[in-house]
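Taken from TrEMBL as is:
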type: DOMAIN; residues: 1-122; note: domain 'MGS-like'
type: BINDING; residues: HIS9, LYS13, THR35, GLY36, THR37, THR38, SER55, GLY56, HIS88; note: substrate binding site
type: ACT_SITE; residues: ASP61; note: active site, proton donor/acceptor
Amino acid sequence: MTRVALIAHDEKKPDLLEFARAHEAQLRAYDLIATGTTGKRLMEGTDLEVERKESGPLGGDLMIGSEIAEGKLDGVVFLRDPLRAQPHEPDISALLRICDVHDTALATNLASAEFLIEGLAE
Ligand SMILES: O=C(CO)COP(=O)(O)O
């Protein structure tokens, strides 16, 4: 089954929620995982079932990165906040890096997330 990670920094959570609602029918067919707070928001704001990892600053990005290293994920939508420094920046870099290591589809903004979701549907 297609397995997708959804992650957003606080300022981008409304965008991710809107994205998830717009693609809810498609996403419902997938295994979804998310960092802690993002997953909570998604489950509150949609009818999607989401497996929640730890919150990003507490290791959630790394937990998702480990799934990529294990070859379990087909895509990652990670709406980062490009305007604010994050305390767990090394974890964020590690997640982006491991996506490249394993050639896992990664979208870090809404425009590319639209392409990713279209690509997964094919
Ligand atoms: O910080 C995050 C990703 O780096 C997201 O974590 P939360 O979903 O727990 O807010």
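The backbone N, Cα and C atoms fix where each Cβ goes, and this holds for glycine too.
Feature annotations (TrEMBL) mapped to structure.
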residue	record	DSSP (3 states)
HIS9	substrate binding site	coil
THR35	substrate binding site	coil
SER55	substrate binding site	coil
ASP61	active site, proton donor/acceptor	helix
HIS88	substrate binding site	coil
Among HIS9, HIS88, the one of these binding-site residues whose Cβ has the fewest neighbouring Cβ atoms within 10 Å: HIS88
Site of maximum Cβ density within 10 Å, from binding-site residues THR35, SER55: THR35
Cα-Cα distance linking the residue listed as 'active site, proton donor/acceptor' and HIS88 (substrate binding site), given in Å to the nearest integer: 9
Longest CA-CA distance among HIS9, LYS13, THR35, GLY36, THR37, THR38, SER55, GLY56, HIS88, per record bound to substrate, angstrom: 17
Segment-level pLDDT (mean, integer) for the domain 'MGS-like' (1-122): 98
Cβ packing number for THR37 (substrate binding site), 10 Å threshold: 20
